[in-house]
Amino acid sequence: MEAFTTHTGTAVPLRESNVDTDQIIPAHWLKKVTRDGFEDGLFEAWRKNPEFVLNRPERAGATVLVAGPDFGTGSSREHAVWALQNYGFKAVISARFADIFRGNSQKGGLLTVVLPQETVERLWALTEADPTAEITVDLVGRQVRAGELVADFEIDDYTRWRLLEGLDDIGLTLRHEDDITSFEADRPGWLPRTQPVG
Amino acid sequence: MGRTLAEKVWDAHVVRRAEGEPDLLYIDLHLLHEVTSPQAFDGLRQAGRPVRRTDLTIATEDHNTPTLDVDKPIADPVSRAQIETLRKNAAEFGVRIHSLGDVEQGIVHVVGPQLGLTQPGTTVVCGDSHTATHGAFGALAFGIGTSQVEHVLATQTLPMAPFKTMAVTVEGALPEGVGAKDLILAVIARIGTGGGQGYVIEYRGQAIRDLSMEGRMTVCNMSIEAGARAGMIAPDETTFAYLDGRPHAPRGADWDTAVAHWRSLVTDEDAVFDKEVVIDAAELSPFVTWGTNPGQGAPLAESVPDPVAIVDPVERAAAEKAIAYMGLTAGQKLRDIAVDTVFVGSCTNGRIEDLREVADIVKGRKVADGVRMLVVPGSVRVSLQAVSEGLDKVFTEFGAEWRYAGCSMCLGMNPDQLAPGERSASTSNRNFEGRQGKGGRTHLVSPQVAAATAVLGHLAAPADLSTAGV
């Protein structure tokens with residue numbers, strides 16, 4: 001995973017609540033067996049509308065998505081995170097994220113930043129008025145800065161450390177393989193097995 | 001202080017706990033399907049890692065599978081390639097798989113319980129948000145993303161952030177004609193699609209205890225639609241009776257040991273939930289959605305809401321957009337909404353009891369003119385059971401299409417889709433824009449409402465049939 005420390009870029013203000021994962025990446029894109037090539041599927045249905053914010057020429061190259069509350073609801077598809085990353089987004093700001101989406105984003109290094117809806121509204125106003133306005137998402141300082149706006153955000157220390165270091169979860173867990181093995185030794189024998197143990 | 005059911009199951013699975021780190025939880029059962037696993041297996045391959053516990057892992061094909069011509073090669077080459085990828089991965093890594101055509105094939109959340117693999121007090125994960133279904137057995141069951149699928153394949157564990165607990169208590173008995181689906185749709189409308197974020201919900205109270213296992217699975221299944229991380233119901237005699245004799249249920253002395261343990265899986269009387277919601281079952285009635293998220297629902301007897309009356313500006317904007325997308329008007333009676341398609345199936349309502357409810361209502365009647373009805377059993381076992389009871393005949397004589405098992409029109413990854421502008425009454429779990437096909441409009445309903453709607457051609461409850469004289 002690519003490490004995330006701080007990122008500055010222009011934004012896409014997405015004035016929508018409950019942006020579900022079927023909107024982020026429709027199901028027919030889920031037939032792919034790779035982690036890349038999802039950028040054209042991002043918000044596919046909404047992008048059919050030429051006025052959709054992502055289609056506006058002044059939003060080209062934007063890397064920070066500022067969305068309404070309950071972003072990423074619905075399916076567990078990590079393809080939603082990949083689609084956002086493949087398109088070029090580095091961070092998503094919202095007042096609330098669905099749990100699974102947030103977990104997936106943290107695995108893949110897409111930073112999800114929770115800020116109060118009032119702050120999201122200010123970021124919308126700022127970036128709608130000036131599409132060249134940049135937003136800085138600073139994971140080191142746990143802070144979002146844009147123009148006059150400075151907003152601190154919360155993220156747990158462990159997740160922050162993993163993202164800052166770009167660490168692979170599996171590698172971290174396997175450092176404790178002895179703990180797993182000893183836990184397994186104590187599991188009751190009557191627990192279900194999907195097949196006979198060889 | 002006492003502990004909740006969720007806390008007991010969690011605590012029993014902590015492999016490692018360290019200050020400032022998420023708990024590392026052991027996973028008792030990992031379910032796989034074709035859509036969220038290929039990139040996980042790729043990751044294992046690249047790192048040279050094996051599947052740690054193939055004996056706790058099982059795969060089935062469901063999301064992409066066709067429900068017609070299942071004996072022929074899958075027509076869509078991309079779907080076919082994805083399913084073939086799962087088969088290759090299962091063979092390479094030694095994972096048990098139930099492929100299309102196999103008697104144990106079906107929707108992953110129908111297959112696990114019917115095999116007896118889903119058991120009280122276990123941890124269950126799957127790369128699918130509706131894994132919450134398995135909480136009906138008192139299991140702690142989470143939907144996970146593909147990176148986590150890879151993590152579980154490699155380590156049989158998951159680092160998990162702590163959760164909060166919520167009790168949803170449904171007191172009293174459900175009125176006649178009101179079922180598990182109406183109940184959970186009403187719960188979601190009450191707490192909102194984000195109301196459960198960060199919580200594991202425990203469903204309690206008489207109305208929950210009175211539900212069959214199928215009904216409990218319907219309730220827990222849609223916990224994710226309220227944003228919850230999981231939903232659970234404490235195991236009881238109904239749970240034990242369902243499990244007894246299933247292929248992977250414990251037997252003999254093991255059964256007695258297991259049941260004794262399972263009986264301890266209840267929330268202690270002095271345990272405290274972080275949040276409590278109480279619902280009076282007597283106030284519930286057939287419930288349907290009018291909008292484009294599962295929280296946008298109302299009793300069938302009511303009307304499409306007027307967004308002007310919604311105070312919260314974000315909610316109001318969402319309602320306006322949803323009503324426009326759905327092609328409805330504020331104030332329109334929900335019963336006046338005519339549908340083109342009725343879909344019965346999915347991991348929410350594709351089990352035998354659901355099919356029986358529908359058959360009871362449509363038996364001897366005819367589907368409304370111009371309405372297409374699809375009945376898709378949740379698994380091959382459900383299908384065989386339905387055929388043995390003659391339900392397939394009831395459906396086809398009614399004018400419905402009786403299909404092969406799979407996820408089907410719940411998410412339209414296979415050819416079962418709505419055309420743009422088409423409207424469905426669907427027993428599935430999501431009414432998102434385009435969920436059942438580009439431009440499709442979905443109303444989430446119970447099996448009973450689906451059946452009555454198919455008869456009358458507009459959203460309806462079984463009680464409307466006698467009024468209409470059909």
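Think of each number as a place in line: the chain as shown, counted from 1.
Cβ atoms here come from the backbone N, Cα and C positions, even for glycine.
In the three-state DSSP classification, B:Cys407 ([4Fe-4S] cluster binding site) falls within coil. As annotated by TrEMBL, [4Fe-4S] cluster binding site applies to B:Cys347, B:Cys407, B:Cys410.
Sequence-remote contacts of a segment are chain residues at least 6 beyond its ends whose Cβ falls under 8 Å from one of its Cβ atoms, and for the region 'Disordered' (B:418-442) they are 130, 181, 221-222, 225, 288-289, 291-294, 296, 325-327, 337-350, 354, 409-412, 449-450, 453-454, 459. Annotation comment: TrEMBL describes B:418-442 as region 'Disordered'.
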- request: With DSSP as the yardstick, break the region 'Disordered' (B:418-442) down into helix, strand and coil residue counts.
  value: 0 helix, 6 strand, 19 coil
Statement: Excluding B:Cys347, B:Cys407, B:Cys410 themselves, the [4Fe-4S] cluster site's Cβ centre has within 8 Å the residues B:Asp62, B:His63, B:Ile107, B:His109, B:His130, B:Gly345, B:Ser346, B:Thr348, B:Gly350, B:Gly378, B:Gly406, B:Ser408, B:Leu411, B:Ser428, B:Asn429
- request: For the binding-site residues B:Cys347, B:Cys407, work out the Cβ neighbour count at 10 Å and name the residue with the minimum.
  value: B:Cys347
Task: Sort out the sequence-distant neighbours of B:Cys410 ([4Fe-4S] cluster binding site) for me: same chain, 6+ apart, CB within less than 8 Å of its CB, listed by position.
output: B:Phe343, B:Gly345, B:Ser346, B:Cys347, B:Thr348, B:Ser426, B:Ser428, B:Asn429, B:Arg430, B:Arg435, B:Gln436
